[in-house]
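Participant: Attaching a single structure in structure tokens format; questions to follow.
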Amino acid sequence: YPNVDLSNMGCEECTLKKNNVFSRDRPIYQCMGCCFSRAFPTPLKAMKTMTIPKNITSEATCCVAKHSYETEVAGIRVRNHTDCHCSTCYFHKS
């Protein structure tokens, strides 16, 4: 096999993409794409501190807006992203 990094195969670089759902009277952009992620065995020292030990640890960065502003489209408040970067992942739970 060729010596090629295929870790992000099928996933484009983190960049601004036009959101066709919200782009009606003007373009609305959102950050989309892939960033760094990896999984590795949990170090024994860290495993001993866990309430529920997990033998695999993962770390990642997500494609997020570096700059954005709020705007309204058809009565809905949306954020129009103007710049993207790979940074801390934020998960929104209901």
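Any Cβ shown, glycine's included, is placed from N, Cα and C.
So Swiss-Prot says this about it:
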DISULFID  C11-C34  disulfide bond
DISULFID  C14-C63  disulfide bond
DISULFID  C31-C84  disulfide bond
DISULFID  C35-C86  disulfide bond
DISULFID  C62-C89  disulfide bond
CARBOHYD  N55  N-linked glycosylation site
CARBOHYD  N80  N-linked glycosylation site
Participant: Can you name the recorded positions among C14, C63, N80, C84, C86 whose CA is within 10 A of the CA of C34 (disulfide bond)?
Facilitator: C14, C63, C86
Participant: Measuring Cα to Cα, how many angstrom lie between N80 (N-linked glycosylation site) and C11 (disulfide bond)?
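Facilitator: Taking the Cα atoms only, N80 (N-linked glycosylation site) lies 22 Å from C11 (disulfide bond).
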Participant: For C11, C86, listed as disulfide-bonded residues, tell me which one has the smallest number of other Cβ atoms within 10 Å.
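Facilitator: Each of the disulfide-bonded residues C11, C86 was scored; lowest Cβ tally within 10 Å is C11.
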Participant: Enumerate same-chain residues with a sequence separation of six or more from C62 (disulfide bond) and a Cβ-Cβ distance below 8 A; give 'none' if the list is empty.
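Facilitator: Expected: C35, C86, S87, T88, C89, Y90.
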Participant: Taking the Cβ of C14 (disulfide bond) as the centre, how many other Cβ atoms fall within a 10 Å radius?
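Facilitator: Here the count is 19.
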